[in-house]
């Protein structure tokens, strides 16, 4: 339908166009001739045979009239040359009379399209009263005989065959509600058309606000600028605000909106009615130069027509056949569907018959009214549609640079496939370079997901175009971004180097890419970038094949391991070292160069730092060695004598889950290095059989481990300072992983014998008075915690217990330092699984016949108490210490004091604390200990160590009073050396306790008197200490005085605050009684009379 611009309900339309039609439409008869057969679907076909059925149809219902009237619905006539014609007005009257409102409405619409408006229908449909339910007189303007007045329902919408909704017509028969909805839809559509027309009229009126005389003045005087029109001002305001928002000038946009509060900047229609939105300011600026010089392109118009002779010849027979098929349908639903098909086919056929034959010049002039301008860039692109793959690529290459800046940053990754596809297939290298540059600069700071999308695109591009174009086109883009200010962009470069490594020429991998990554590793300040660089270096090492690059790779490994960032070091162990080790295995350098180089650096480090060892560097080298254990074991398996016999079988025993230590990454998993877990299971079974039954003859890779690696490691361990807990722990973990990786058989037959030979723990050496030097080195704790704890079977635990008992006995009887034994207890005590085992070892010492061994056991309890739970302390530790505290040897009893002090420092159980307090009190108050100088020294030393951390009550009621007694008794000591020893220990203890909070009572009664006694000793023994003690005494006295003054001031402030609170309460209660009256508020502040 073409009624989009015609309003059939517009009652103000002129009737001049309808006047010429009225005389033609009035014919002598209002009924059809008798010989004419009515249509099968007319509701009045039986009652009124003379009425023309289906007046809204475009097809003549009979074959006789089809030749003369191909378009009955338009002409409204019937019959041949001799038959009388029925007027359209009569048809309309009949339709309105029979209440066929929808049919009449469609007839009215078609007549409007043909330019032949019928006054009867126009008046009827222009009067809304015809569609209201009324009772009484018929609506105004309705002629008599058109139906019962006031009983007419709202008719349905103009449901022509082109717009029929077949789902409305169900078999239930009642369609009143559907017809009412259809009428409302029609009225809404017409109302929208009216609003659109009003928009156009108002906009044109707004544009003509400036008087014509003023406009003539501006045109005659170009130097006088025409003032801005309101419409122009609102349009420019909208564009300026849009520009500010797009370019992140949000504050300026807010200010601008406030200054123009009469305009809605979120809705363009607020600018003007029916005004198309122009391009943004940037596009207007870019096109301002080109618009003044439009390019003149040669254009040509073409018209397409269809000749009537090309249509099927037997057209009337087709019409008759289709009408016959329609008459055979039984249901209303089927009739509607077939009628729609018939109408569609016939309308298309008739349209082809009536092609208007116009001259080409007229056609060209007519089409010029709808021709679009193709002078702009976008217009040029739109006007020529690509007709081949190459032209599509060329078009995308031209358009993408203009599309990307206008896409939201958060959604730009959606353009990646389009950019990559165009860059792959575009024939121009310059355009491809521009597109790849857009790809790497697509997002200012890409997040992880966006970077992954770009990397996947780069890999797909590389896979498609080959190594040469990757080198020429992609790598330069990476090189440009290597020093970008945003770390996310540099991170993209680092990840791209690794992702593209498999698709680069091998010469480029080992030269340009390696140099780029080395530079970024050394210079980049962002941890995440260096981490990505290390991972990409690992990937490069997996593809490099230039043996000359080994030294460069080794230096990169050391540089990565020495990085200050933990995440970079972790990435080195997880990715770079396994990949580098795999390459060295391929080169044959793992056992020949890589591991020996790290060992030599460790030895050199130990030689240089005998007094101040650089533990960080030692950790760096040793951790690298630890990461090389899995590839070393894989090399041993792959070069074993049984490798040729390793075949997959169905009865292979699966590998236990705990067979290997947990790998730091999949690249350190021995199964991954070998190839599969099944293949590894086969090799392990043959490996164990070879070690147990056939030996290592001819097994060069394993012999290197046994004869060169292990002896060198044991020698290095013997040179480590046993007091360095960190070094002991690092080497213990290294040997633990080495033994667990190479297996229990290897540990028992190859590792343990070498340690046992060096330690020489035999029965004849137990009573040696000279002692054994190696037992005081770090070899003892590393062997105990790194080798003997690898496996936790009963025999393994017995072996560990026996070794520790022998070491404790040997060191005690030889009067050797206990540092190695202490280091073993500290390292093992960190794991609660070994607490019971260590208590078993100590109980062996408690019941030992030698007092020296019992003393050593007592001192070892001090190390164990801190990590053992209170239940074990109560059940195992305290009973053992009580037993030792009643030992016949005074030295054994004195040795228990540090352990008792540690219990007071760490345990919270009241009963345990009371038992320990009673035992310490017996040491201090028992007369037999009055002259025990060593005991007093140990107690004072213990009090100074545990006093600051002990329970305050224990410190105030027990520690400080007894220190005061000891200081007072030391004043009467006659032996100068003993007096000095006690005074020195008291000075250390008081210095530590001075930092604690001490109550005024304890300060005055015990702390200050003890300090004064100590100062008396120091006046004669150590004048420099006497000065310090005098200042401490003054400071404590000042604290006491300030505390007394503060309490007095505090009581005054409390009284003042109480008075203030009382006044405030009264005031607030008075305020709470007020209402909103201002007079009452003023009365509050009036003086009482």
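Placement of Cβ uses the backbone N, Cα and C atoms for every residue, glycine included.
Those TrEMBL annotations? Automatic predictions, nothing curated.
Of all ranges given (97-124, 153-180, 181-208, 209-236), TrEMBL attaches the label coiled coil to 181-208. Looking at 125-156, 253-284, the range tied to region 'Disordered' in TrEMBL is 125-156. For the repeat 'HEAT' (877-915), the residues of the chain that approach it from at least six positions outside its boundaries are 839, 842-843, 846, 851, 854-855, 857-859, 861-862, 864-866, 868, 870, 923, 932, 934-935, 938-939, 941-943, 945-946, 949-951, 954, judged by C-beta separation under 8 angstroms.
Residue counts of the repeat 'HEAT' (877-915) by helix, strand and coil are 31 helix, 0 strand, 8 coil (DSSP-based).
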